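Copied from TrEMBL, the annotated features are:
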type     : residues : note
TRANSMEM : 26-47    : transmembrane segment
TRANSMEM : 53-72    : transmembrane segment
TRANSMEM : 93-117   : transmembrane segment
TRANSMEM : 129-146  : transmembrane segment
TRANSMEM : 229-250  : transmembrane segment
TRANSMEM : 271-295  : transmembrane segment
TRANSMEM : 311-333  : transmembrane segment
TRANSMEM : 354-379  : transmembrane segment
TRANSMEM : 503-525  : transmembrane segment
TRANSMEM : 537-558  : transmembrane segment
Amino acid sequence: MEKAPGSPSMGGSCPQKTAEILSSQYGINLFLAGLVLTFAWAVHAVGISKSHLLSYLITLMLIQLLWMLWYLCRSCTQRRLIREKDTHAGARWLKCGITLFAVITLILDSFKIGYYVDFSNCLSAAEGIFPVTHAVHTILQVYFLWCHAKDIIQSFKTLERFGVIHSVFTNLLLWTNGVLTESKHQLNEHKERLITLGFGNITIVLDDHAPQCNCTTTTLCSIFSQGIYYLYPFNIEYHILASTMLYVLWKNIGRKVEHHQQHKTPFKFHGITVGMIFGLIVLISTIAKVVVYLIQIGRSKNKSELALTMFYLHAISVLALMCTAGIVALLIYRLEDRSLDNSKNPARKLDAELLVGTAAGSWLLSWGSILAIICAQAHPKYTWYNLPYSILVIVEKYIQNLFIIESIHRKEEKVNDDIKTLRIVTISRGSTLSLTPSYKEIYNGRAARDHGELPCLLHGSICARENDGAKAAASQANCPAMHSAPEFSFYSRNSVTNNKRRILKNIAAFLFLCNLSLWIPPAFGCRPEYDNGLEEIVFGFEPWIIVVNLAMPFSIFYRMHSAASLFEVNCKT
């Protein structure tokens, strides 16, 4: 019996598809087992202690360390082999960001080690081993991602799929552990803030996992415990970034890449002055707002209410401007006739999925606030500002996601091969001096009209044909003083295109700085979702704190990811 055409390729791809499905199910079950163990520890389940959870996480990190060491050693032995790379994966901004967060995570681990030393009499050995293992894991993982995030693995594919997906879900579990630990640190501090706002009727049984012994050095213990509290947000962001980079690596295993030249698009400040000025105004005002908010909140009821009102009014103004800018950009896209690039690209696909997926964190909080405003019996004056703020958060992300996703999928304008060969000969006093840059660079890739003749520039300085450079001086004398109708139409269309591009670049620059501005408040502790008190009354104090701590990392990551995407949009436009 003869094999059907193409059966070898199908036979080769079927095992790999099976390996992809099996590895993904392995990772999901690994994550769910850790999630159940984390939940059991959080609710003080019988027979489950923190040492059990930490032992599970230590085991996962050690397995990942062994796999990364094996991969690095194998890469060193095969250094001479040419490896395929995904040029879209592992962007430099992503590597720099994960390195910054990793450095702060190492500081967090050192604080945990010091905390364990001071409370070593009543803490399990797992609580001392965990930060040491985590520090080694962080160092090796960052090195691995810097060197191999762009790899397209073509050997040992089945084994590598399990190794990479194990790493993805290990980081997600470490992220979950960090989120839960931070949420428990939030309880006492935010309850005190709510009492100053007059919400004294909120009752909660504090969930205290503090050691049941005295600290050997009181001052150091206080520094370590407070330092751990402030460093956890950076640890959370680190593990989210690591898991996304590893996921792209997993999706690239066995992938066939189309080899084509990648055009680098450097960032230029030219032409984006207006967007930068307005964006910097938003950035500076946001920093001032955060400083005032952190100083005033919790001092007294009046000061806390003024701080919340200031926050909401400023945020409403910024979000309204961002919505307007996004709508203008989308209208410009509707006026243009350019197709979208639908080629397979895991990094670009993940970018779009992350924009929508992480935006869900903010949408969850916004809908919770809207429901709380509707259902609450008492409404302090400042809480009414929360309603337009929450609605604008939802709408702004809708518009911005659409703008960014469409921008990264738009095809770049291609230039006709005949146009690429054109050159303009500069004539000065009847002699040819030099060849200027390509016609594409000068006229943005637009074809010349009227039988391939280049339009004459003002004052007759340039008038030549590509195929007859010797007749350039004679042609200069015959250049018309005024442009013909087709040439005038060409200049008009070119001018309109340049104006559209300039507007889009200014919008992208403005949204870039606005997203950086909106990243600052939650990253540095300015979180009105904790402090306005209305949601805690409707949903309960601890449930709402846990929801906020689960959603807030996604919201923070969304702003960072959006800023990076808008930076790329600005370079591409």
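Start at 1 and count along the chain as shown; that gives each residue its number.
Every residue gets a Cβ built from N, Cα and C, even glycine.
The highest tally of CB pairs under 8 A with the transmembrane segment (271-295), across 26-47, 93-117, 311-333, 503-525, 537-558, is held by 503-525. Nonlocal intrachain contacts for the transmembrane segment (354-379), taken as residues 6+ away from its ends with a CB within less than 8 angstroms of a stretch CB, comprise 244, 386-387, 389-391, 393-394, 397, 401, 404-405, 529, 534-535, 537-539, 544, 547-548, 550-555, 557-558, 561-562, 565. Contact counts against the transmembrane segment (229-250), taken as Cβ pairs under 8 Å, peak for 93-117 among the stretches 26-47, 53-72, 93-117, 129-146, 311-333. Panel annotation: around the transmembrane segment (311-333), residues 278, 282, 285-286, 289, 293, 382, 385-386, 388-389, 392-393, 395-396, 399-400, 402-403, 406, 410, 500, 503-504, 507-508, 510-511, 514, 517-518, 521, 526, 528 of the same chain, lying at least six beyond its termini, place a Cβ under 8 Å from a Cβ of the stretch.
Long-range contacts of the transmembrane segment (503-525) within the same chain: residues 233, 271-276, 278-280, 282-283, 286-287, 289-290, 293-294, 311, 315, 318, 321-322, 325-326, 328-329, 332, 400, 403, 407, 552, 555-556, 559-560, 562-563, 566-567, 569-570, 573, each at least 6 residues beyond the stretch ends and with a Cβ under 8 Å from a Cβ of the stretch.
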